[in-house]
Ligand code: C5P
């Protein structure tokens, strides 16, 4: 009888794609203070890049446009989420008798920090996916989702990284059909505190999202999304007026649909063609060279 030796991968790579809330309705509040949401979420093709490799000792190395910002951040929120994800996964693997050798993690931080597009949550989710592969661990999907939720309300959706309708506090997930769109992300480079924006909400019992379009047509989607809201946008604009300015620029650039993502301050425009999105990105970068501007695409989704 022959046996097959199972060897661990040398190095594992994961992308932590930017999360975009196409709509975000706040429909209630739990007794623990967390808000109940009804949100349409999609993901960009671009994001942070992480690698995981076997090592003598654990480490985390930061690089990329926002790596030094993260390293200097006293709270170190996003970086810490990578380490918290690693440590929490380890403790669960300990309970199930699975091994988890020391690991060298690199985080190429391309996404702005505290910016409403996932950032730290996407990094935490990518860490769970990457380490599960590196350590060749086995966990039931709901066990991994539970670890994700302990790390943050947005981490379960980032673990899936596909178009979703998210309810509950963000953990009740349903895959949705959604076409891919050219998208331009704009951030005025002002960090926004999510708890602060939630605190400033005038109402916490807004109507839920109704039925979604059953179409691949961009114009139908733009019309349907325009009838929806991001309930966090008015309080965010009150705190950071540059958010309204960024949305105005995007509207002038002939985007088919413009909104703020999450609790801000990143705003986005969806376009019906690649040249229109490219023109918008170039114009925005030259108007505001001090702002973050990214041209990318959202990924398409299927229900199921
Ligand atoms: O879960 P996470 O740590 O990402 O959330 C950050 C903060 O955002 C929470 O402490 C809470 O104040 C607020 N939040 C909320 N309701 C949600 C998600 C986040 O009130 N559904």
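Indices start at 1 and increase along the chain as displayed.
Every residue, even glycine, has its Cβ placed from backbone N, Cα and C.
The Cβ of residue 19 (active site) lies under 8 Å from the Cβ of 41, 42, 43, 117, 118, 121, 122, 154, 157, 158, 261, 262, each of these being in the same chain and 6 or more residues away along the sequence. For 19 (among others), the entry in TrEMBL reads active site.
The feature domain 'GHMP kinase N-terminal' is assigned by TrEMBL to 80-160. Secondary structure of the domain 'GHMP kinase N-terminal' (80-160) per DSSP, as helix, strand and coil residue counts: 48 helix, 6 strand, 27 coil.
Summarising the annotation, TrEMBL assigns ATP binding site to 112, 113, 114, 115, 116, 117, 118, 119, 120, 121, 122. Packing around residue 112 (ATP binding site) is summarised by its Cβ count: 24 other Cβ atoms lie within 10 angstroms of its Cβ, all protein chains included.
Annotation source TrEMBL lists active site at 154 (among others).
What TrEMBL records for 222-286 is domain 'GHMP kinase C-terminal'.
By a simple count of nearby Cβ atoms, those within 10 Å, the most crowded of the binding-site residues 114, 122 is 122. Shown for the domain 'GHMP kinase C-terminal' (222-286): DSSP residue counts in helix, strand and coil, namely 36 helix, 9 strand, 20 coil.
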